[in-house]
Amino acid sequence: MPKNSKVTQREHSNEHVTESVADLLALEEPVDYKQSVLNVAGETGGRQKAAEEELDAEDRPAWNSKLQYILAQIGFSVGLGNIWRFPYLCQKNGGGAYLVPYLVLLIIIGIPLFFLELAVGQRIRRGSIGVWHYVCPRLGGIGFSSCIVCLFVGLYYNVIIGWSVFYFFKSFQYPLPWSECPVIRNGTTAVVEPECEKSSATTYFWYREALDISNSISESGGLNWKMTLCLLVAWSIVGMAVVKGIQSSGKVMYFSSLFPYVVLACFLVRGLLLRGAVDGILHMFTPKLDKMLDPQVWREAATQVFFALGLGFGGVIAFSSYNKQDNNCHFDAALVSFINFFTSVLATLVVFAVLGFKANIMNEKCVVENAEKILGYLNSNVLSRDLIPPHVNFSHLTTKDYSEMYNVIMTVKEKQFSALGLDPCLLEDELDKSVQGTGLAFIAFTEAMTHFPASPFWSVMFFLMLINLGLGSMIGTMAGITTPIIDTFKVPKEIFTVGCCVFAFFVGLLFVQRSGNYFVTMFDDYSATLPLTVIVILENIAVAWIYGTKKFMQELTEMLGFRPYRFYFYMWKFVSPLFMAVLTTASIIQLGVSPPGYSAWIKEEAAERYLYFPNWAMALLITLIAVATLPIPVVFILRHFHLLSDGSNTLSVSYKKGRMMKDISNLEENDETRFILSKVPSEAPSPMPTHRSYLGPGSTSPLETSGNPNGRYGSGYLLASTPESEL
């Protein structure tokens with residue numbers, strides 16, 4: 001520091017300092033931060049710690065390009081849920097009517113909170129643990145909860161990738177192995193497998209050949225060795241993709257994020273050329289307006305928004321932490337949200353075009369089977385030929401002719417009609433058959449592809465697309481685990497990442513036993529939903545109510561170079577917390593009113609039956625939810641009673657040549673003009689100073705005097721480009 005500087009003169013004087021921080025900043029000449037780190041708290045380790053964190057921030061990896069970063073965020077947010085959960089929810093919740101609550105919640109909750117996570121991650125340049133520790137130390141447990149939820153989701157999500165790997169390798173044969181039921185030969189007698197005959201070829205292959213599923217969650221049945229190998233392959237792929245951090249995963253994203261769109265485009269063109277595709281699309285977009293008033297529909301739409309954008313997982317924060325600080329994250333939030341919604345709609349069009357084709361195939365099959373029944377009744381004189389309209393030709397029977405014949409028989413034989421066992425064979429009934437989640441991809445869609453020309457090719461493309469969609473999401477999920485842990489505890493990146501994959505594989509063996517699919521349902525439908533909702537609402541409260549929305553908006557303005565729309569102020573402050581509080585309450589009530597359960601496949605009946613989780617499974621479920629949310633109250637209590645340091649006693653002043661920061665935490669907006677502001681967005685002050693948001697009872701503001709008799713440097717102003725120096 002120059003000897004003739006005003007700060008140096010005050011240091012060797014007993015005069016009381018009356019100049020403002022602005023005066024000091026105006027007269028001080030910035031010097032290289034590596035050469036000068038001044039500790040104002042009196043701790044011997046403050047200088048070294050601040051310098052180390054500045055160097056760490058400078059050495060932090062960065063994306064090679066903006067495109068690579070955008071593809072990473074798209075790959076994380078666009079996942080398997082866009083392909084099978086969104087279309088299922090549309091089908092279940094009123095077709096086009098479901099788009100209304102989804103869009104409303106995307107605008108008032110999804111985009112604002114996505115923007116919030118991008119902003120705090122980009123400026124603080126840390127994973128979820130570090131970010132929420134800086135924003136509000138007492139709510140630092142949010143980051144740990146995010147890591148646990150990511151672990152839970154990663155455990156079962158990679159199992160689904162393993163299923164896709166199994167189907168991918170099985171697709172290289174013609175005909176496809178799930179196109180026909182297996183035949184059992186006993187000497188000269190050949191009969192169709194009874195379980196397959198009662199259900200369908202694709203259903204049988206999924207439950208018996210792929211999963212070899214047990215009748216209930218209580219029947220383990222041992223490991224399914226085929227799926228165990230596929231799970232090993234899946235974790236090997238993920239491990240290789242993330243072992244080097246963004247240096248390796250960023251390159252993978254070029255393929256894993258773009259390839260699914262190529263496949264979706266091919267399927268859309270192929271699907272629109274199929275007979276009956278228009279029926280499926282019209283059925284999907286025909287709104288059932290009464291569904292828009294159903295609270296359950298809104299609850300499911302909000303949950304889908306959370307999962308679709310990856311809110312609360314920590315992956316969004318982790319990816320944005322590798323950005324330059326002048327990156328326009330507001331544009332990124334709008335772009336990624338739009339692409340995510342567009343992908344969901346595109347996937348829904350593809351699914352319903354293919355399902356419309358399948359519905360027509362199944363409807364024609366129904367007509368043929370029931371026409372054979374009627375012919376049998378005519379030949380045995382159970383029905384009179386006078387009941388058959390004269391223009392009906394059984395050799396070329398149309399669905400319209402069958403419908404007319406069906407209505408005549410039902411009217412004349414009203415009392416005996418039920419004994420005939422005839423089906424109406426309505427196309428609407430086939431289109432209304434909703435298939436949830438994995439069943440949509442591994443049963444309904446695979447069955448439709450068996451009717452495609454060159455079906456193995458389309459099957460290979462479809463399951464390769466699922467693998468890539470799952471890989472993109474898994475990379476973000478792993479980043480939500482590894483980035484905050486590596487940032488916080490400074491563990492070796494490669495060793496820790498490989499260790500996580502190995503650990504997750506062995507825990508994931510739970511999901512590849514014969515009852516494993518039921519555990520996937522438990523984790524997917526229940527263990528992550530409620531904790532995620534709690535995490536997201538606390539993130540919102542930490543920034544909007546504890547840190548302060550006005551300060552946050554002001555500091556976003558300094559970081560981005562422009563002021564975000566006032567819309568975000570009201571969303572963060574009032575609307576989003578209110579809606580999420582209602583959602584949390586509704587989720588808890590839903591668990592109480594409808595006990596958790598799962599769809600079990602009963603081999604003897606060759607059908608699904610809904611079963612409630614047994615007591616031990618309920619205990620496991622409650623434990624999972626408790627473990628995921630427990631870090632939040634634990635950290636809060638420890639820091640409230642000062643049993644765990646929040647780092648507020650290590651405040652330091654750092655200098656970096658050409659860059660200056662200021663602390664405006666306790667100043668009114670009118671006082672902000674007194675400070676010298678950076679003109680370059682990348683050199684703007686940190687929106688998240690280390691501990692100025694909440695210092696606990698009795699703590700002093702960083703701008704108040706430190707209690708030193710000489711009153712020296714009590715202002716605690718900061719000169720650095722990254723908040724790490726504020727420790």
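Placement of Cβ uses the backbone N, Cα and C atoms for every residue, glycine included.
Features reported for this protein in TrEMBL:
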type     : residues                                    : note
BINDING  : Gly75, Val78, Asn82, Asn340, Leu469, Ser473 : Na(+) binding site
COMPBIAS : 698-709                                     : compositional bias 'Polar residues'
REGION   : 680-727                                     : region 'Disordered'
TRANSMEM : 69-87                                       : transmembrane segment
TRANSMEM : 99-120                                      : transmembrane segment
TRANSMEM : 141-169                                     : transmembrane segment
TRANSMEM : 225-246                                     : transmembrane segment
TRANSMEM : 258-278                                     : transmembrane segment
TRANSMEM : 301-322                                     : transmembrane segment
TRANSMEM : 334-355                                     : transmembrane segment
TRANSMEM : 457-483                                     : transmembrane segment
TRANSMEM : 495-514                                     : transmembrane segment
TRANSMEM : 526-547                                     : transmembrane segment
TRANSMEM : 567-593                                     : transmembrane segment
TRANSMEM : 613-638                                     : transmembrane segment
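Here the transmembrane segment (258-278) has long-range neighbours at 71, 78, 343, 346-347, 349-350, 353-354, 356-361, 452, 458, 461-462, 464-465, 468-469, meaning same-chain residues at least 6 beyond its ends whose C-beta is under 8 angstroms from one of its own. Using a Cβ-Cβ cut-off under 8 Å and counting only residues 6 or more beyond its ends in the same chain, the transmembrane segment (301-322) has close neighbours at 60-63, 69, 72-73, 76-78, 81-82, 85-86, 89, 93, 98, 101-102, 105-106, 109-110, 113-114, 117-122, 124-128, 131, 143, 146-147, 149-150, 153, 246, 329, 332, 336-337, 340-341, 344, 473, 476-477, 479-481, 483-484, 487, 529, 532-533, 535-536, 539, 579-580, 583. Around Asn82 (Na(+) binding site), the same-chain residues at least 6 positions away in sequence with a Cβ under 8 Å from its Cβ are Ala308, Asn340, Thr343, Ser344, Ala347, Leu469. In sequence order, Ile74, Phe76, Ser77, Gly79, Leu80, Gly81, Ser257, Pro260, Thr343, Gly472 are the residues of the same chain, not among Gly75, Val78, Asn82, Asn340, Leu469, Ser473, whose CB sits within 8 A of the CB centroid for the Na(+) site.
The transmembrane segment (526-547) shares the most Cβ pairs under 8 Å with 613-638, out of the stretches 99-120, 225-246, 495-514, 613-638. For the transmembrane segment (334-355), the residues of the chain that approach it from at least six positions outside its boundaries are 70, 73-74, 77-78, 82-84, 86-87, 90-91, 99, 103, 106, 110-111, 114-115, 261, 264, 267-268, 271-272, 274, 277, 280-281, 283-284, 308-309, 431, 440, 444-445, 448-449, judged by C-beta separation under 8 angstroms.
The transmembrane segment (457-483) and the transmembrane segment (613-638) are not in contact, since fewer than 3 Cβ pairs between them lie under 8 Å (pairs 6 or more apart in sequence). Long-range contacts of the transmembrane segment (141-169) within the same chain: residues 80, 127-133, 210, 226-227, 230-231, 233-235, 237-238, 312-315, 438, 442, 446, 459-460, 463-464, 466-467, 470-471, 473-474, 477-478, 480-481, 484-485, 504, 507-508, 510-512, 516, 519-520, 523-524, 527-528, 531-532, 534-535, 538-539, 542, 624, 627-636, each at least 6 residues beyond the stretch ends and with a Cβ under 8 Å from a Cβ of the stretch.
When each of 69-87, 225-246, 495-514, 567-593, 613-638 is scored by its Cβ pairs under 8 Å to the transmembrane segment (99-120), the top-ranked stretch turns out to be 567-593. Here the binding-site residues are Asn340, Ser473, and the one with the most other Cβ atoms within 10 Å of its Cβ is Ser473. Panel annotation: around the transmembrane segment (225-246), residues 61-63, 72, 158-159, 161-163, 165-166, 210-211, 252, 319, 322, 467, 471, 474-475, 478-479, 482, 493-494, 497-498, 501-502, 504-505, 508-509, 511-512, 516 of the same chain, lying at least six beyond its termini, place a Cβ under 8 Å from a Cβ of the stretch.
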